[in-house]
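Q: Sharing the features that TrEMBL gives for it:
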BINDING   21, 208  Mg(2+) binding site
ACT_SITE  21  active site
BINDING   22-26, 34, 38, 66-68, 70, 72, 189, 195-197  substrate binding site
ACT_SITE  69  active site, proton acceptor
Ligand code: FPP
């Protein structure tokens, strides 16, 4: 079984993004409520953050709550928000100690005020950390993000702040929630589902995709390493030919 030591430190993905899926099914398999799966999902979050920091990954982005997740039963949404607040309180010291900086993407204003307050506190306290940037996607939807970028740019065009001929990819990037992040290099999705579910659609244009048939609460160091080793064995051509790369 591979461990963190087997990863080539010179060929790391700069930005790893994860769709953490399968908490509910993990709990169901054990005859428990879905909430039990989310509680154990938090442990997998802690493990993954710690392992990515140890590997010196620069950016880790986790899909923690989508815009569509608001449609789940009220009690499940409340539990997820409570878990978020409790985890932020509990992990602030560890994040700080490991030089990790926290950030968010998504419609943060739609979160309960307690969650917003806790997030602001951790984001402010870790703002000067220079190790890994951990980004939580909360109330996040990629189409919503793109729509809001288009609106902002259109408004600036209308007010003669930008001229249409100057709209390029860089301008679009600066209007996305992710303006402080590089493109995703490796996107991992757990639980065996092979879809993107409205996550970072613009930012994964050239990402390597890795789908693994393991529910999120069981995602371990070994699974993370397998994903990175798979990434390291792929040839990223960005539209060029193999010969051009060599
Ligand atoms: C997907 O499993 C998971 C989520 C929608 C939430 C992820 C949240 C956590 C891991 C806990 C809180 C997060 C942080 C950052 C502290 P699912 O419920 O969709 O599972 P299913 O597909 O089996 O139903």
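Every residue, even glycine, has its Cβ placed from backbone N, Cα and C.
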Q: Work through the recorded positions one by one (38, 69, 189) and name whichever has its CA nearest to the CA of residue 21 (Mg(2+) binding site).
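A: With Cα distances computed to residue 21 (Mg(2+) binding site), the winner among 38, 69, 189 is 189.
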Q: Highest CB neighbour count within 10 A among the binding-site residues 22, 24?
A: 22
Q: Kindly point out which of the binding-site residues 21, 22, 24, 38, 67, 189 have a C-beta less than 6 Å from some atom of ligand 1.
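A: The qualifying binding-site residues are 21, 22, 24, 38.
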Q: Roughly how many Å separate the Cα of residue 196 (substrate binding site) from that of residue 69 (active site, proton acceptor), to the nearest whole number?
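A: Their Cα atoms are separated by 15 Å.
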Q: Could you state the whole-number distance in Å separating the C-alpha atoms of residue 189 (substrate binding site) and residue 208 (Mg(2+) binding site)?
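A: Spelling it out, the Cα of residue 189 (substrate binding site) and the Cα of residue 208 (Mg(2+) binding site) are 11 Å apart.
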Q: Could you state the CA-to-CA distance between the residue listed as 'active site, proton acceptor' and residue 24 (substrate binding site) to the nearest Å?
A: 13
Q: If we count other C-beta atoms within 10 Å, could you say which of the recorded positions 67, 69 has the fewest?
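A: Sparsest of the recorded positions 67, 69 by Cβ contacts within 10 Å: 69.
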Q: State which of the following binding-site residues has the fewest other Cβ atoms within 10 Å around its Cβ: 26, 70.
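A: If we count Cβ atoms within 10 Å for the binding-site residues 26, 70, the smallest count is at 70.
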Q: Within its own chain, what residues at least 6 apart in sequence put their Cβ under 8 Å from the Cβ of residue 38 (substrate binding site), listed in sequence order?
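A: The list for residue 38 (substrate binding site) reads 23, 27, 76, 79, 80, 83, given in order along the sequence.
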Q: When the Cα-Cα distance from residue 208 (Mg(2+) binding site) is computed for each of the binding-site residues 22, 26, 67, 70, which gives the smallest value?
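A: Nearest candidate: 22.
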Q: Taking the Cβ of each of the binding-site residues and counting other Cβ atoms inside 10 Å, which one has the highest number: 21, 208?
A: 21
